[in-house]
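Q: Right, I'll just put the structure down here and ask away after.
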């Protein structure tokens with residue numbers, strides 16, 4: 001690929017750009033609304049006797065048609081770009097998007113398994129471990145530097161997850177066996193690991209992507225691949241006819257609420273993934289992981305407030321450790337940004353002094 005796309009990407013990511021701040025705010029709002037709503041809606045589905053994990057997996061990516069709007073509106077309606085949709089979409093990007101989409105499909109399935117067995121608060125706290133994996137994989141894939149704050153965050157979040165596992169016997173939904181609880185526990189950890197792998201891989205690929213529209217184009221292909229995987233799984237489990245039967249026979253809130261729940265899940269999951277992709281493109285994989293981890297605290301609170309999840313003993317200690325680790329990381333990021341700002345001011349001062357000396361010599 002040429003160097004020109006990289007130059008355009010850097011201009012688009014300039015933090016002084018109005019477009020940058022607009023996209024950053026919009027994508028974080030998408031991430032916030034999608035993450036909290038999708039977690040609560042998925043639990044609502046299982047709480048009212050929805051039982052198909054393939055349906056829960058399918059709704060996480062089936063909202064891909066919504067991506068048509070950010071892909072086609074800028075060129076055909078808003079007229080704010082000269083680039084036609086998919087005009088720079090190479091075979092290499094297509095293949096990468098399909099492979100990563102299949103990986104996301106597996107991640108969605110693991111999340112569905114975990115969410116079907118665990119309380120929302122426990123699932124959310126376990127998913128916070130993805131920041132640990134994200135840090136490690138970011139070091140390997142995109143050469144992220146390790147600091148004391150990074151390591152402190154890793155240790156505290158790991159200890160938080162271990163405490164949840166040790167206290168699992170006191171936090172099981174009625175009728176759930178210990179074996180199934182641990183299936184949900186390790187499925188959720190696996191989902192966190194796969195998503196943590198996805199983030200730095202996408203950051204590395206995004207270095208060659210020079211506009212937000214291309215990010216959405218990649219996201220469209222990835223989610224089509226993930227939806228194809230989920231659809232194949234649904235077909236082996238009875239297909240869409242099974243969804244109809246489930247809405248009429250199993251779901252205790254009736255068919256209307258069932259289809260509203262499914263549709264709302266489709267929309268909110270799409271918002272979540274759009275926000276995640278945008279955050280990684282505009283910032284970094286680690287920053288995207290941090291934002292998602294911060295929102296998991298809201299998911300824990302949502303589970304307690306909406307579903308009455310138990311929130312005492314081990315879970316309180318685990319949440320405190322999680323907050324401690326997260327704040328440690330944020331503080332480390334603050335110190336780094338302040339150091340970079342001081343260095344920038346110093347260099348600017350030296351450059352001005354050099355210009356003054358040069359002018360005097362003339």
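Quick reminder: no glycine exception, Cβ is built from N, Cα and C everywhere.
Since the structure is predicted, the reported quantities are computational estimates derived from the model, not experimental observations.
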Q: Looking at the ranges 314-334, 335-355, which is given as transmembrane segment in TrEMBL?
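A: Among 314-334, 335-355, the range TrEMBL annotates as transmembrane segment is 314-334.
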Q: Out of 151-169, 208-226, which range is noted as transmembrane segment by TrEMBL?
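A: Here TrEMBL associates transmembrane segment with the stretch 151-169.
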Q: When TrEMBL marks a stretch as transmembrane segment, which of 229-248, 289-308 is it?
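A: Checking TrEMBL against the ranges 229-248, 289-308, the transmembrane segment one is 289-308.
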Q: Cβ pairs under 8 Å only, please: of the recorded stretches 20-42, 93-113, 125-142, 181-199, which one is richest in them relative to the transmembrane segment (314-334)?
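A: Between the stretches 20-42, 93-113, 125-142, 181-199, 125-142 has the largest tally.
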Q: Answer with yes or no whether the transmembrane segment (93-113) touches the transmembrane segment (181-199) by the criterion of at least three Cβ pairs under 8 A, sequence separation 6 or more.
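A: In this chain the transmembrane segment (181-199) contacts the transmembrane segment (93-113) - 3 or more Cβ pairs sit under 8 Å.
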Q: Under 8 Å, at least three CB pairs between the transmembrane segment (20-42) and the transmembrane segment (125-142) (pairs 6 or more apart)?
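A: No, the transmembrane segment (20-42) and the transmembrane segment (125-142) are not in contact.
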Q: Using a Cβ-Cβ cut-off of under 8 Å, list the residues of the same chain that are 6+ residues beyond the ends of the transmembrane segment (289-308) and lie near it.
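A: The answer is 28, 31-32, 35-36, 39-40, 43, 47, 119-121, 123-125, 127-128, 130-131, 134-135, 196, 199, 276, 279, 319, 322-323, 326, 329-330, 333.
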